Amino acid sequence: MSDRQSSNAYWQANLKLIWLCMIIWALVSYGFGIILRPILAGISVGGTDLGFWFAQQGSILVFIALIFFYAWRMNRLDAEHGVDE
Amino acid sequence: MSQFTLNLIVIGASFALYIGIAIWARAGSTAEFYAANRGVSPVMNGMATAADWMSAASFISMAGLIAFTGYDNSTYLMGWTGGYVLLAMLLAPYLRKFGKFTVPEFIGDRFYSGTARIIGVICLLIISITYVIGQMTGVGVTFSRYLEVSSSTGLWIGAALVFVYAVLGGMKGITYTQVAQYIVLIIAYTIPAVFIALQLTGHVLPQTGLFGTLNASDTKFLATLDQVVTDLGFRSYTGHHQSTLDMVLFTMALMIGTAGLPHVIIRFFTVPKVADARKSAGWALVFIALLYTVAPAVGSMSRFNLTATMWPGAETGQTFSQPAVSLEDIQNRDDLHWMRNWQVTGLLNWEDKNGDGLIQYYNEAGAANEQLAAVIAEQGLQGNELTTVNNDIMVLANPEIANLPGWVIAIVAAGGLAAALSTAAGLLLAISGAVSHDLIKGAINPGISEKGELFAARVSMGVSILVATILGLNPPGFAAQTVALAFGLAASSIFPVLMMGIFSTRMNKEGAIAGMLAGVIATLVYIFTYKGWFFISGTNMLPDTADAWLFGISPASFGTIGAVINFAVAYLVSSATKEPPAEVRDLVESIRVPRGAGGAQAH
């Protein structure tokens with residue numbers, strides 16, 4: 001295992017990445033899908049509006065992208081900080 | 001070939017496959033029994049997790065829930081998928097690094113407390129037992145519908161099958177059976193959906209068909225559906241009709257509840273590396289999304305098909321341009337034989353209340369628009385004449401409504417069974433692991449040998465199956481409350497305690513125990529206040545209606561509040577008590593970095 005300094009920097013970088021992903025996660029589901037739907041009502045998608053699309057399909061697709069993005073970034077972070085397996 | 005023979009062949013073949021896998025994947029050690037020797041590839045584990053996670057409720061009920069409520073029930077779609085983002089970033093990689101076998105074991109080690117571990121075991125047992133009863137009854141119902149046996153016979157057959165592969169193979173056998181079950185269930189779900197999307201919209205993909213144009217009316221499908229259901233006095237399909245606050249809290253409760261379900265978490269103990277645990281959560285969600293993005297199309301399109309069956313004019317969006325379907329047609333027409341089939345099961349029923357020979361389907365409780373009011377007056381309607389429409393037939397009757405060939409119906413039957421059996425097996429493994437590893441080895445007999453523990457694990461698996469079967473035969477009142485009880489408890493107890501154990505080095509045993517107890521007790525009291533103490537009807541202190549709920553928060557959404565209470569109490573209590581010992585801080589530091597995860601640890 002690397003020294004404490006490096007694993008601290010690693011952990012801070014991980015937390016920053018998690019915060020970024022969590023903000024997007026909340027924005028597409030609770031935001032676009034529910035609370036902000038009235039604001040997006042003007043943008044029509046397939047017979048309804050953008051908020052409906054996010055609630056029933058878009059949010060799920062973004063979730064998938066988020067997990068793979070996180071996994072990919074973490075693999076790089078692991079290697080940069082010398083804590084990979 | 002008769003439909004019964006087809007069903008028998010397809011279901012029989014799927015069962016033979018599961019048993020074959022079980023014999024091939026026998027477990028020889030506790031590491032294999034609890035964690036498949038940590039040798040499952042991330043994609044395989046993703047598939048197994050998808051089958052583990054998608055229960056009879058996802059397969060059979062969810063499309064119906066969306067069909068009859070529309071947009072407001074998007075909460076299920078977001079809630080039951082968003083939890084995987086939390087798992088991938090907040091729990092799975094660190095728990096995999098920890099490298100033990102059960103969720104209570106982590107709670108016990110991290111909070112250096114046998115008491116915390118036992119509280120974890122109790123929460124796990126309540127969650128998993130509530131959940132497994134629903135799966136067992138689902139197996140019984142599917143058997144009785146498709147194989148013409150009584151539902152208790154069906155249940156025993158299902159239990160015997162699970163017994164073979166779960167007792168023999170443990171996690172290893174369950175994993176590879178779940179992979180096969182995922183393939184069966186996703187094929188079964190997709191085929192009818194593709195046919196229906198093609199018929200209605202000309203799209204091969206149900207996902208794009210949902211937002212496509214309806215062939216018959218040349219307007220957008222969803223716009224036509226909105227038109228037709230509001231014509232009949234129902235709330236619009238795409239409109240937002242429920243409390244925004246409750247929608248947010250309910251979605252959150254489902255998300256953090258999902259991330260806190262022990263049978264889902266332990267699936268991530270089976271991959272070789274920490275990096276695989278992250279990736280595997282992504283694959284799990286890909287496989288789950290294959291069903292979850294199809295479900296809203298299945299729901300809306302089968303609602304449309306049902307409505308257009310009752311009012312043939314609705315097919316082009318002109319609801320009242322033709323008279324309602326006649327009683328004579330329902331009883332004689334070949335393409336409506338599915339209505340007669342499902343009437344027998346009691347899931348669908350009709351009654352010509354005004355004796356005009358037509359069956360008029362509309363919302364008698366809703367605010368009738370002018371047009372509907374005129375129709376009611378003109379035809380002398382005495383109330384809605386399609387008296388029973390069970391949510392579940394939206395998926396189960398789908399192939400028949402769309403007039404698909406018999407083998408499709410047989411595959412749907414095998415798919416429903418695969419969904420219920422795979423989830424039941426995952427839950428039973430979580431239950432038996434908690435009993436043999438946390439109770440027997442952890443508390444009662446720590447000196448037990450490896451061989452002794454493997455035997456104990458098999459015996460507790462057998463006993464768990466027996467108990468689940470007996471409870472499935474006589475479901476207690478709480479069995480219907482899976483969403484409120486299982487997700488509420490997972491959200492208010494297990495998710496917060498795991499997250500604090502990983503993300504805080506300062507959290508101590510006093511804080512964790514107080515937090516779990518406060519979260520669980522607050523959630524249970526809130527649920528019992530509206531649903532009755534221990535779900536005994538008549539003992540509720542307030543009516544279970546939106547007006548009586550505190551700030552309009554439904555009992556099923558309260559898990560979110562329970563989690564907040566858990567976090568707050570844990571923080572306050574741990575600030576006032578002494579720090580955890582140095583070795584616990586070292587443990588937390590070590591689970592935060594992937595290096596050194598290695599293979600299964602003997603301990």
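Numbers here mean position along the shown chain, with the first residue as 1.
Glycine is treated like the rest: Cβ placed from N, Cα and C.
For B:6-25, B:77-95, B:116-134, B:154-171, B:183-205, B:247-269, B:281-301, B:407-435, B:455-473, B:479-499, B:511-529, B:549-573 (among others), the entry in TrEMBL reads transmembrane segment.
Of the two recorded stretches, the transmembrane segment (B:247-269) does not lie close to the transmembrane segment (B:6-25), with fewer than three CB pairs under 8 Å once pairs fewer than 6 apart in sequence are set aside.
Contact check: the transmembrane segment (B:407-435) against the transmembrane segment (B:549-573) gives fewer than three Cβ pairs closer than 8 Å, residues 6 or more apart, which falls short of the contact criterion. Contact check: the transmembrane segment (B:549-573) against the transmembrane segment (B:281-301) gives fewer than three Cβ pairs closer than 8 Å, residues 6 or more apart, which falls short of the contact criterion.
Sequence-distant neighbours of the transmembrane segment (B:116-134) (same chain, 6+ residues past either end, Cβ-Cβ under 8 Å): 55-57, 103-105, 107-108, 261-263, 423-424, 427-428, 430-431, 434, 438-439, 442-443, 467-468, 471-472, 475-476, 478-482, 485-486, 489-490, 493-494, 497, 509, 512-513, 516-517, 520.
Highest Cβ pair count under 8 Å relative to the transmembrane segment (B:154-171), across stretches B:6-25, B:77-95, B:183-205, B:511-529: B:6-25.
Counted over residue pairs 6 or more apart, the CB atoms of the transmembrane segment (B:479-499) and the transmembrane segment (B:77-95) come under 8 Å in at least three pairs, which marks the two as touching. A Cβ distance under 8 Å defines the sequence-distant neighbours of the transmembrane segment (B:511-529), meaning residues of its chain 6+ beyond its ends; these are 107, 110-111, 113, 115-116, 119-120, 123, 481, 484-485, 488-489, 491-493, 496-497, 500-501, 535, 539-542, 550, 555, 558-559, 561-563, 565-567, 569-575, 577.
Note on the transmembrane segment (B:455-473): residues 30, 33-34, 129, 132-133, 135-137, 139-140, 152, 155-156, 159, 162-163, 166-167, 170, 424, 427-429, 431-433, 435-437, 440-441, 448, 479 of its chain, located 6 or more positions outside it, place their CB under 8 angstroms from a CB of the stretch.
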